[in-house]
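For reference, the structure discussed in these notes is given below.
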């Protein structure tokens, strides 16, 4: 579910004059946003590749890109606001779940639990996220500029088929690796007795998060498959008519 | 005599054709006739409309008062399996009552076995149990004897959603309040006394509002009228608020939060408040739409604020 994919035909909804100028502004802003995000993830990708080529190992790779990753992934919260307001035509829930799970991974797992930062599973989901986000944001950018190369559309609606499950695997393995460290340190946890009369065990919380992938991941994956059929096969039919 | 045909709202297939329908027949009667030819769609799950995407017609609507010709065409949508409101309310309220008591009596497998069937040494815990139980017994009795429901049924899946909410939160709260390591309120007796006063005040208030609303509506009818303050001082809040039952409910739970000083209770109060505000705003909006002379001073749930 971290491989962030939603249907995103970015359209304006308003019709009259005042709204037309407003929507031109909105479109401009959206285009700028998508270009910036594409650039950000490209930078991440290039930094990661350079690190690996220069050092020959993935150890320390996460640390080197941590700040950039946190910045661009957190900035994606903006999209939730956009879907909620209706500027971007995507289900708020789908987009919301995606962004939440990403933020959770970045801030509450890899950022806080240092010991797992050099795990291979981290590299796995980082690579997946990077490829997915670059294809997604460039798709939005080119759509807004009304100049969409077919291969970008193809990439966006086909990469996920393999990358999505790989990304989920990377995330789950990472959380699983983190469990013993969480248990030992008792981080983010609160025990009785205390004056708020509540308790929280981050260890069990993580286990519940892992279990929640079971109902949620298939739904998001099927949603993307449906979108793919609609977008790609719809296109094919039109071509045949011509 | 009129003829009635019923089409599927999505596929436009002809589902039913009724010959010789009395012009003064109601939609409710037409639904019964439709049910005879399609026994799996009992009247409660039928949505009959004039337009496939339009609003559902009411059971009381009379055929000849509708904008139809000699052959009336209606569109049908299946609302899915239905369950009565009374059943849902009784189930969702009995759960918390029973569940809380299980935690209060420290039934085995909840806390460490050395605490099985023991009782808390803090008197506020006993008080909280009485208040919580009183609250849900009151709700159950109101469901049976006070409330007059506009709709008979709701979709079946609601019972699972609602019970998860009520039962889940009840268990979460009860676990901590009745825990052997429970910490009583910081300000002790003063805090508990104040909390109890607030709680009782709001319980009486909430009950008064329910009675007032009941008296607006004669038995068996579904009429809607503007509620006004009565001789009972607890109803004077109608001057400032459209849905004071929710206001009082919020107050009760704030009282209970103060009494128990338990974060899960605070959380439950917050979530309940959000949901009730949504409902209150909806109700307020439909009052404004339906009644031209609706008192302008009223707010949906919190006087002057919300």
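Cβ coordinates come from backbone N, Cα and C, glycine included.
From a predicted model like this one, the values you see are computed outputs, not experimental measurements.
Range with TrEMBL annotation transmembrane segment, chosen from B:194-213, B:214-233, B:234-253, is B:194-213.
With a threshold of 8 Å between CB atoms, the same-chain residues lying at least 6 positions outside the transmembrane segment (B:83-105) that come near it are 117, 119, 125, 129, 132-133, 136-137, 139-140, 143-144, 147, 149, 151-156, 158-159, 162-163, 165-167, 169-171, 173-175, 177-178. Averaged over the domain 'TECR-like N-terminal' (B:3-78), the predicted model has a pLDDT of 87.
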